[in-house]
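Chemist: Not my notes, these are from TrEMBL:
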TRANSMEM  17-33  transmembrane segment
TRANSMEM  39-59  transmembrane segment
TRANSMEM  64-80  transmembrane segment
TRANSMEM  86-105  transmembrane segment
TRANSMEM  126-149  transmembrane segment
TRANSMEM  155-170  transmembrane segment
TRANSMEM  177-194  transmembrane segment
TRANSMEM  206-226  transmembrane segment
TRANSMEM  238-257  transmembrane segment
DOMAIN    264-406  domain 'O-antigen ligase-related'
TRANSMEM  277-295  transmembrane segment
TRANSMEM  302-321  transmembrane segment
TRANSMEM  393-412  transmembrane segment
Amino acid sequence: MYATLSTSARRAIRSRWLQGLAVAAATVAMGWLTSRLGVLVPVALVGLPLAVFGLVALFWRPRLGVLAFIGYCFLVMTINRHIKGVPFGLGIDGLLLLTWVAVLFHRSREVVQWGRLRNDLCWLGLAWFVINLLEVANPAGASLAGWYYEMRGTTFYWVLSVPLAMLLFYRRQDLRLFLGLVLGFSVAGALYGLKQKFLGPDTAEQLWLDTGAAKTHVLFGVLRVFSYYSEAAQFGASQAHVAVVSLVLAVGPFRWWQRVLFGLAAALCLDGMLLSGTRGAMMVLLAGVFMWLVLSRQLKVLVLGGLLAGAAFGILKYTTIGNGNASIVRMRTSLDPNDASLQVRLRNQAKLREYLAPRPFGGGVGSIGMWGEKYNAGNYLSTIAPDSYFVKIWAEYGIVGFLIWLGMMLYILGKSCGIVWRTRNPQLRQMLLALTAGYFGVLMGSYGNEVMNQMPTAMIVYLGWAFVFLGPSLDTGPAGVGEPAESRSPEAAR
């Protein structure tokens, strides 16, 4: 039968056989390499074409780099948990640096207007970055590796991401897109947290728990949900942060269906906060709501909100209502001055006070906390848990650096409040108010936990600052008609 076929048919059959053999050989080779080198080989083979495509798209439209940065900050820790052996966290650094390269080579002068960077926020970020560079010479002698890994969340992402946002995301629809992405990823995180609660963690997450994380994430047989975040504390704080933003938007001058969606997002994020069992998240929520009430400029709302907050505090502090719920029980312990965890923190702070007394510039960046344990194991500070981000700044930069940092944080807060107060467009004002209230909640929450320097919270705060400081250029008056003139150019869509 084969002999009766035409020459072209025979060639087609031979070609298919050769293709089949090639595919089979490639499959066997990939399997052998995977057995030798692990999953890195198939990941690289799949990821390389995607990386090339992403690089081309990035240089075509640099703003795609910022969008990728937003999504990656939410997902990087779960990627890291499921694929071992690759430092995916450094992908944030690479993504931001590549976006900067794309911006520098971008052909459009209309899109990249460097004048947008002449503002207090960018100068403060640069000043704090320089201080971190000077900390390399700290006589306490923290390692260079520890310094680099620690300063990334503290200053590096600030000095890279804020100017990028101001250069590429300068229109009101960009602000709406940013809020939509943040709320979308946060709601997805809350839903995934519900899956963890009722269906259990997956294999990689269970392995993470079994290799040490269960000590802090399984208390009295109850899982502290962490979703696809780094751990439960960051999940809870981030959910509280976004809950504040959603609540403020839900009462804003938007269409009814938008307010309903914002309200649902707030409810889901509040549930996620409770599932995390993170006591410090309560401070994020309460402080954020307080700032919203103050900036709302409505005395009745402020009084009513204060009464409701007081009632909630009284129920948690002086009653046993809700003690059948493990999450509420854990939140209630945050108000107990005799709580064992609080006492340990106070003892650690006493040790730090004694150690830092003769060291006004601290023990060096990266000398305490996770990176201190990993890269400065012989350092005294590496043996003390900072718990609080305020305490961490104090330990690493000393009282001098702490006062500089706190002064900058309060200046940004005050400037943000002033911008919100002066914004005339009601919808824009509500969005900026939501970001400012959320930032204040995170700042206060960082007094008790490391919140501000962890992803995705750091990303939301830094980009939120950028949009608030861009507020005056986005404001079009009470009528809210139109956009700033620069955003109407054809190139502005890039």
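The backbone N, Cα and C atoms fix where each Cβ goes, glycine too.
Any TrEMBL annotation is an automated prediction that lacks curation.
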Chemist: Would you kindly list the residues that approach the transmembrane segment (238-257) from elsewhere in its chain, counting only those six or more residues past its ends and only Cβ-Cβ distances under 8 Å?
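Modeler: For the transmembrane segment (238-257), the sequence-distant neighbours (Cβ-Cβ under 8 Å, at least 6 residues beyond its ends) are 179, 182-183, 186, 189-190, 193, 229, 263, 265-266, 269-270, 272-273, 276, 278, 281-282, 284-285, 288-289, 292, 426-427, 430-431, 433-435, 437-438, 441-442, 445, 451, 456-457, 460.
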Chemist: Cβ pairs under 8 Å with the transmembrane segment (126-149): which stretch of 177-194, 206-226, 393-412 has the most?
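Modeler: Result: 393-412.
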Chemist: Using a Cβ cut-off under 8 Å, which residues of the same chain at least 6 positions beyond either end of the transmembrane segment (64-80) come close to it?
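Modeler: Contacts with the transmembrane segment (64-80): 54, 57-58, 86, 88-89, 91-92, 95-96, 98-99, 102, 161, 164-165, 168-169, 177-178, 181-182, 185-186, 189, 228-230, 455-456, 458-459, 463.
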Chemist: What is the average pLDDT across the domain 'O-antigen ligase-related' (264-406)?
Modeler: 81
